[in-house]
Amino acid sequence: MKVDIKKFCILTLALALTGFMSPAFAQHDDHGHDDHAGHEHAEGHEEHNQNEEHGEGYDPVATVMHHIADANEFHIWKGVHIPLPVFLYAPDHGWTTGTSAMFEHGHTAVDGYVLNHGRINRVADASFPKGEVHVGHIDHKVETDEAGKEKDVYYVSYENESYKLDAPSTLDGGMMGGGITSFYDFSITKNVFTMFLAALLLIFIFNAVARGYKKNEGKAPSGIQSFFEVFFVFMRDEVTKPMIGEKHYERFQPFVMTLFFFILFCNLLGLVPFFPGSANVTGNIAVTLVLAVFTFIVVNLNGKKDYWQHIFWMPGIPGWVKIILTPVEILGLFIRPFSLMIRLFANISAGHIIILSLIGLIFLFGDNGANTGGAAAGAVVGGLFTAFMNLIELLVAALQAFVFAILSASYIGAAVEEHHHDEAHAH
Amino acid sequence: MGPIGAGLAALGAGIGIGLIGSKAMEAIARQPEAAGDIRSNMILVAALVEGAALFAIVVGLLG
């Protein structure tokens, strides 16, 4: 069984590193449109910017969205966090580095940055003091902009004045929506950490497997090698060979396998509900975008003459149909990786949302701590359904990794295929 | 309107994937020796149908 392990390791690391840019391009996920600004304000609470379920009103939508979003720290339980390194850049101030512990969960502002719901935000006002200052609570307001759209806006209070917070940064600086931000966040966030972890796991495991193949050449596999040989043979015989074809499949085997195992490991780590896991990596549209762009590049760089001819001037059909078909084919070029991106993102996010909603039943039934009997009933009902959903999610984790790999392989197969012009074209 | 559209999209995908599943089961019953091929093609086509539905769901919920 010939597997190019070195290429595989390099690809894995490349995937993880490119994912590094994802926090800068992260979703802005604070869709708490219910107006819970009033009572949040009135509480004078301790944990105001971490856990809305500890506040008076339990807002299931905001809590779920907060939990599937990326964060600059690992939240273990109330008041216990694992800090992560932060690298922030603002054009008008320069770099700010450190760990997320320096923000003291929102109580301290550093160079105008504060931690809001686990995400770093920046005070837009230039008159806000630089360096470490103690700040008051962060208020949430829902404001309507000129277009009549409701937006979540956060204000931090400092010395009896409230300052507006910029939304978390996006890669484009907010030009494509989400508002112009005044800073860039290159931090190792929860998602980036988990991606590194998945990459390192893959590199360690597959180096061990590669050593096994060297040692047992011509013999039966042993140890961890025998566990993974099943996957290799499956990926070769069911995915790459039939999809790409006998002639070219060996060239793309490392790429397709890297996609499969990287997505599988990220999915499985996302299902672990505590520290090393818990990040919603493949449910982040920036991560799936990077993966889909890789497929797009590999497909189009390897496109043969026939592939391009079928896009721009499909042979064997009347001329007027070609005029209609060419724009459709060109659109299809971009829709394919786009659908890869959406499919993985939506499947994994939906799974996380369902599980979090079921856990949220405990807080809903229990009136957020006031009703113990209700909470117990919610725990039984929600717990049973969560166990069931977790089993389904295990299936989905493997299935979506497989679907991403097999679709990538089929797109590559379409690109490298050489047609004989006398045979019928199946499209 | 968004959630209603998302629900309709899920309905369409449910019908589509149900048809794929039922035809695949019939095919496997008729030709059990081709079960492996049919299963992987079934998953592939189901993923394509699901992709269209997920487009609609994402547009419905975000738009």
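Cβ atoms here come from the backbone N, Cα and C positions, even for glycine.
What you see is a predicted model, and the numbers here were worked out from it, not measured in a lab.
Residues annotated as region 'Disordered' in TrEMBL: A:28-57.
Taken from TrEMBL, the feature signal peptide covers A:1-26.
Summarising the annotation, TrEMBL assigns transmembrane segment to A:192-210 (among others).
For A:255-275 (among others), the entry in TrEMBL reads transmembrane segment.
According to TrEMBL, the feature transmembrane segment maps to A:281-299 (among others).
Positions annotated as transmembrane segment by TrEMBL: A:341-365 (among others). Here the transmembrane segment (A:341-365) has Cβ contacts under 8 Å with residues 53, 58, 60, 63-64, 67-68, 263, 267, 270, 280, 282-285, 288-289, 291-292, 371, 374-375, 377-379, 381-382, 385-386, 389-390, 392-393, 396-397, 400, 403-404 of the same chain, all six or more residues outside its ends.
Same-chain residues lying 6 or more positions outside the transmembrane segment (A:372-392) and placing a CB less than 8 Å from one of its CB atoms are 271, 351, 354-355, 358-366. Here TrEMBL flags A:372-392 (among others) as transmembrane segment.
Below 8 angstroms of C-beta separation, residues 235, 238-240, 243-245, 248, 252, 255-257, 259-261, 263-264, 267, 282, 291, 295, 298-300, 302-304, 307, 336, 340, 343-344, 347-348 of the same chain, each at least six residues beyond the ends of the transmembrane segment (A:398-416), sit close to that stretch. According to TrEMBL, the transmembrane segment annotation covers A:398-416 (among others).
Counting same-chain residues at least six beyond the ends of the transmembrane segment (A:255-275), those with a Cβ under 8 angstroms from any Cβ of the stretch are 3, 8, 11-12, 15-16, 74, 76, 82, 194-195, 197-199, 201-202, 206, 231-232, 235, 239-240, 281-283, 287, 291, 294-295, 298, 344, 348, 352, 390, 393-394, 396-398, 400-402, 404-405, 408-409, 412.
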